[in-house]
């Protein structure tokens, strides 16, 4: 009769490999090298077969043992979500199985509306709840940026203000019960927020970097932490661009909360929402029911994907 344990070799002699769980979660990734954690909390260094790179931080995976400290990742388990970006040349997986994206922004240095809108689109496409975090809210330059962010509140995206001296306490209720990821431009204070939320856990990241011989600070790679038994947090590297080439142009209106209710209401089924008569999108922008700038953004992304 076959053994019930997936790693058993049928020999009765105790073997440390047999105690290893056959599933794990990726908590950090450096190229084709990973750190995984099994349900009992044990961590292992992990590699992949055939130089696969289609794994992301947060992935739940099947593993096979190599020795007491190392495993091989065989495949990932079905994903609840996948957040990634893609330009004309390459695809970058950001995180898997997250339920909430926190886009960290601040008035200083210059915030990017382009990056914010693109990240929101990616979250909508992935079925991930999005929250905008206005960091450094005590800066005098904040008022003008906050006024711009209030528009996104009208679209259903909460805007949470944080200040360094508050130790990120205003974020904790928002994070609770979610698998969260912090994402934002470089210089927005994202790492400071993460450190405030994680406390002593950040001291362990140096050991992980050394174990993988990365020679780099771990903020150059996504890293997953447990805030409590119900809440996870992924700290991701800062970025300046968010390619959306993985999206389909025809699906874009569904990812705009301010336009999705108009899908199917144009006179022509193949309306490009530009010069056609009877365009519901144009009518909404002209009457003030929708933002002309948002319509221009939709048109621009459509051109980008079709070009």
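Yeah, the Cβs are placed from backbone N, Cα and C, and that goes for glycine too.
Copied from Swiss-Prot, the annotated features are:
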type	residues	note
BINDING	135, 136, 137, 138, 184, 185, 186, 187, 188, 189, 190, 191, 192	GTP binding site
BINDING	266, 271, 273, 279	Zn(2+) binding site
COMPBIAS	10-21	compositional bias 'Polar residues'
DOMAIN	85-242	domain 'CP-type G'
REGION	1-21	region 'Disordered'
Residues flanking the Zn(2+) site, with Cβ no more than 8 Å from the Cβ centroid of 266, 271, 273, 279 and excluding those residues themselves: 267, 268, 272, 274, 276, 278, 280, 281, 282
Residue 273 (Zn(2+) binding site) and residue 184 (GTP binding site), Cα-Cα, nearest whole angstrom: 30
Residues satisfying Cβ distance under 8 Å from residue 266 (Zn(2+) binding site), sequence separation of at least 6: 273, 276, 278, 279, 280, 281
Same chain, 6+ residues apart, C-beta under 8 Å of the C-beta of residue 271 (Zn(2+) binding site), given in sequence order: 278, 279, 281
Residue 273 (Zn(2+) binding site) - helix vs strand vs coil (DSSP): coil
For the binding-site residues 135, 186, 192, the one whose C-beta sees the most other C-beta atoms within 10 angstroms: 135
Three-state secondary structure, which DSSP defines for residue 192 (GTP binding site): helix
All-chain count of other Cβ atoms within 10 Å of residue 279 (Zn(2+) binding site): 21
Proximal but sequence-remote residues of the same chain as residue 188 (GTP binding site) (Cβ under 8 Å, at least 6 apart): 104, 105, 106, 109, 111, 135, 136, 238
Tertiary neighbours of residue 190 (GTP binding site) (same chain, Cβ under 8 Å, six or more apart): 104, 135, 182, 183, 184, 235, 238
Number of Cβ atoms other than its own within 10 Å, given for residue 184 (GTP binding site): 27
Surrounding CB atoms that lie within 10 Å of the CB of residue 137 (GTP binding site), all protein chains: 20
Neighbour count (Cβ, 10 Å) for residue 273 (Zn(2+) binding site): 20
